[in-house]
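The annotation transmembrane segment is assigned in TrEMBL to 15-34, 46-64, 372-390, 402-428. What TrEMBL lists as domain 'Wax synthase' is 251-337.
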Amino acid sequence: MMAPLDRETPAVSCAKAAILLLGVCVPSAIILISTPKSGPSSVIRYAWIAVVPFIARHLLVQLSGITTSYVLNTVAMGQLCLVLLQSCNLLILTRLDTGDFVKGNIYQPSDGLVRKLQSVIGLMFNLRGIGTSWQISRINAAPQSLDKHTENGKLRKGPWVARQLQIICWQYLFLDFTYLSSLDTSPEDAEKLFSPGKEFLYINANAEQWGARVAVGLISWLAPARVTMDIVYRVLSVVSVMSGMASPEDWPPLFGSIWDAYTIRAFWSVFWHQHCRWFLTSVSNYICRDLLRLPRPSRLERYLNIALVFKGSGLVHVMLDMFCWEPSLKAPTLAFFGSFAVAIMIEDGVQEVWRRVAGAEDSKNVPLWHKIVGYIWVSTWLTVTSPWYLYHAVRQPVEVKWLVPFSILNMTGPVAGNVLLFGGGLVLKYTIGGQI
């Protein structure tokens, strides 16, 4: 599915990708503005949805060649693929029309067509619905260190942008360090640790192989994977705010604190980004509530909803991988994401038993030992299951996994580089309230 990287220059691929993206967003916005959400006239929405996959395929092919880094290409593909899915969500699942846009203050009836198109396309890119009637729950609050930099209840742009830029610089160094560290793994060690089939090796795995599972299955989620997406988000936020297109409030933190990730549910709903949430929950709610008409509230409806969300996430990731990483097997990725629905059912069951046995009540003040047990549980599940999804990417040549366009640490040397990275991290922690 992936087109050869040398078929076109990155600039040409980017230009074609932009045209294809607009080729979905603009017609979708026109249809949203001009057609009702129901009735005979709404059939055009469903007809257009049938066209979107064909354009999406060509878009993903172009995005697979915008750089020689599969990692960065996947990040770009993932974000823009979600924009396309969001356009479909607005058309036929959430089903918005001009009345909803006016009521939700997306635009006013007196606005011109161009203004209306800009606002609706902006909503397609606003994957979490920030500042709208459709904002998802559990949006991370602005850091407390910015509380002193407010004016009339709004964050001041200067201090906010300065903080973002400082974090971006540190994240760049961290990604540089991460990639350079990966070069230390010899081909022989990589074969021993990550060769095909090792992701399913448990009982006969040696200590070194288990160490690799922890490094890939746990640490990669907590740091490199998170930072790779977060730095892109922060760069876009700075450009958006400095250009006057948005305010700092429109760009709340993308990730939460890892200290909140002491359950599988909290790992995905509090710590991890929520860009998929609006679309995936719209799909699962439509299936459970509109098609199957399951009773609410009920355990069947709740857990089927969760299972569909994770399976949907797995399908999205499989689609992206087909255009970039090209895994020979798709089932491990689906199994990885689907496993978290099982994990959530297990932890809900254990917590329910504990509440009945101990007579404990739900409380925001979770005891420390509960959190410690929870961290062990989450770490164990990630270590056991993550290789199903990640080992294929780890096996790829290092040349296609670079994370930054040029290396600062190569120029400074290891000693100065470590001082910049670790010293800078401490400075950020205690001056601007950086968090992990």
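The backbone N, Cα and C atoms fix where each Cβ goes, glycine too.
TrEMBL labels come from automatic prediction, so no person has curated them.
Remark: secondary structure over the domain 'Wax synthase' (251-337) totals 58 helix, 0 strand, 29 coil, with classes taken from DSSP. Within its own chain, the transmembrane segment (372-390) is flanked in space by residues 198-200, 202, 213-214, 216-218, 220-221, 261-264, 267, 317, 332-333, 335-337, 339-340, 343, 347, which lie at least six positions past its ends and keep a Cβ under 8 Å from the stretch. Long-range contacts of the transmembrane segment (15-34) within the same chain, counting only residues at least 6 positions beyond its ends with a Cβ under 8 Å from a Cβ of the stretch, are 8, 44-45, 48, 52, 55-56, 58-59, 62-63, 66, 80, 83-84, 87-88, 90-91, 96-98, 101, 113, 116-117, 120-121, 124.
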